[in-house]
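The compositional bias 'Basic and acidic residues' annotation in TrEMBL covers 118-130. The region 'Disordered' feature in TrEMBL is assigned to 118-140. Taken from TrEMBL, the feature transmembrane segment applies to 48-67, 79-97, 146-168, 175-194, 206-226.
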Amino acid sequence: MSSKDTPSSLKQAKCVLPNNDLEQQQQTTTTLKIETEDNFDYSKRSQWLRAAVLGANDGLVSTASLMMGVGAVNHDIKAMILSGFAGLVAGACSMAIGEFVSVYSQLDIEIAQKKREKERGNGRGIREEEGTNDEEKESLPNPLQAAAASALAFSVGAMVPLLGASFIRNYKVRLGVVVAAVTFALVVFGWLGAMLGKAPVLRSALRVLVGGWMAMIITFGLTKLIQSSGL
């Protein structure tokens, strides 16, 4: 009987071992996921945040301010729409070119720095250098992607006041709708930038909102002042 009981206990032990291995693997995977999330460097998102969120905010504020300024001296809906469309095209091109030049300059600096580091570290093994080449290429900024993201984001932001003013004939109602739409979009952009960058949401949203309001008020007021002064 003892000789027959021994194989059964071994079989039970064999059945238990795989389960323990699976549990250990699951615990290890969960631990790695938690460590990866905790150690994630949110500063790596700064390039895309700057090109996307700030680009959309610039498109929103600049186009809305331009339309408010034109609307201060001209109540015609066509004048406001044309001024907003011109601001969209000019601003998107300007943002794309500026972002391309800025990121390309950053790329040149980083490439030159990596070359200097390689020249200083010629004593290291060739395998180590080959292993880091792919990681270095991925870490380098892409000027075309940054320029495209900036232009697209600017256009998305600029479309908010354009759509808000396109279907309203009454002058005062049109201005109110533009201000309301821009206010809502400013809050959304501020919240989105804070969430992606893990920054304080309320502070970020208020900062973006107050800045956008100030831009529209200053543009509207100065344009109205110039008209009243007869310049």
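Any Cβ shown, glycine's included, is placed from N, Cα and C.
Tertiary proximity for the transmembrane segment (175-194) is limited to same-chain residues at least six positions away from its ends with a CB under 8 Å from its CB atoms, namely 49, 53-54, 56-57, 60-61, 64, 67-68, 71, 157, 160-161, 163-165, 168, 200-201, 203-209, 212-213, 216.
Here the transmembrane segment (206-226) has Cβ contacts under 8 Å with residues 57, 60-62, 64-66, 68-73, 179, 182-183, 186-187, 189-190, 193 of the same chain, all six or more residues outside its ends.
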